[in-house]
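Student: One structure is given below, represented as structure tokens, and several questions about it will come after.
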Amino acid sequence: MDIRGTTIICVRHQGQVTMAGDGQVTLGNTVMKHGARKIRRMYEGRILAGFAGSTADAFTLFEKFEAKVQEFHGNLPKAAVALAKDWRTDQILRKLEALLIVADTNTTLVLSGAGDVIEPDDGIAAIGSGGSYALAAARALTRHAGLPSEQIATEALRIAGEICIYTNDHISSESLP
């Protein structure tokens, strides 16, 4: 799946979790919007979710995930596995082209349309067109800069935006203590 048009990163560092995303929305090779918000809070603000991919597909998955979070009373891993199972087996959901990063104070997970639920070893996850660049930058900053998670996530996205034409520097972020 070739996801272009956004970058989302989640950094878990020094007891804090920050998810950040750029604001660019691209239709083909045209920038349609600069300040979109692709990070959402759910479950009384205790869970963060960020999405990359087709906007309509991402909103559909976001709504489905939010319903699973409610069903499992905020248990992030159980909600993620339940969504991945539905995503993999439902004929309509299977066609959706989007990725999600979800996080609470204990867990960070990447959810894919292939039914994958991946928990990164180092607490850092990134998706979207500039995801690899942001991930590399965040890992380096985490190891060497001594910055808090919000600054690491923001700077990693800025670096990704300098490299990836589908990522801009209109960054929004949300943090959990």
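From the backbone N, Cα and C atoms, a Cβ is placed for every residue, glycine too.
Pulled these features from Swiss-Prot for this protein:
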| type | residues | note |
| --- | --- | --- |
| ACT_SITE | THR6 | active site |
| BINDING | GLY161, CYS164, THR167 | Na(+) binding site |
Student: Around the C-beta of GLY161 (Na(+) binding site), how many further C-beta atoms are within 10 angstroms, looking at every protein chain?
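Tutor: For GLY161 (Na(+) binding site), the count of other Cβ atoms within 10 Å is 21.
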Student: Counting every protein chain present, what is the number of Cβ atoms, excluding its own, within 10 Å of the Cβ of CYS164 (Na(+) binding site)?
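Tutor: Excluding its own Cβ, CYS164 (Na(+) binding site) sees 23 Cβ atoms within 10 Å.
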Student: Hey, for the Na(+) site built from GLY161, CYS164, THR167, who else sits with CB inside 8 A of the CB center?
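Tutor: Here the non-site neighbours turn out to be THR7, ASP22, GLN24, SER129, GLY130, TYR133, ALA134, LEU157, ALA160, GLU162, ILE163, ILE165, TYR166, ASN168, ASP169.
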Student: If you run the three-state DSSP split on GLY161 (Na(+) binding site), which class comes out?
Tutor: helix
Student: Measuring Cα to Cα, tell me the gap between GLY161 (Na(+) binding site) and THR6 (active site) in whole angstrom.
Tutor: 10
Student: Rounded to a whole number, how many Å is the Cα of THR167 (Na(+) binding site) away from the Cα of the residue listed as 'active site'?
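Tutor: Roughly 5 Å, rounded to the nearest whole number.
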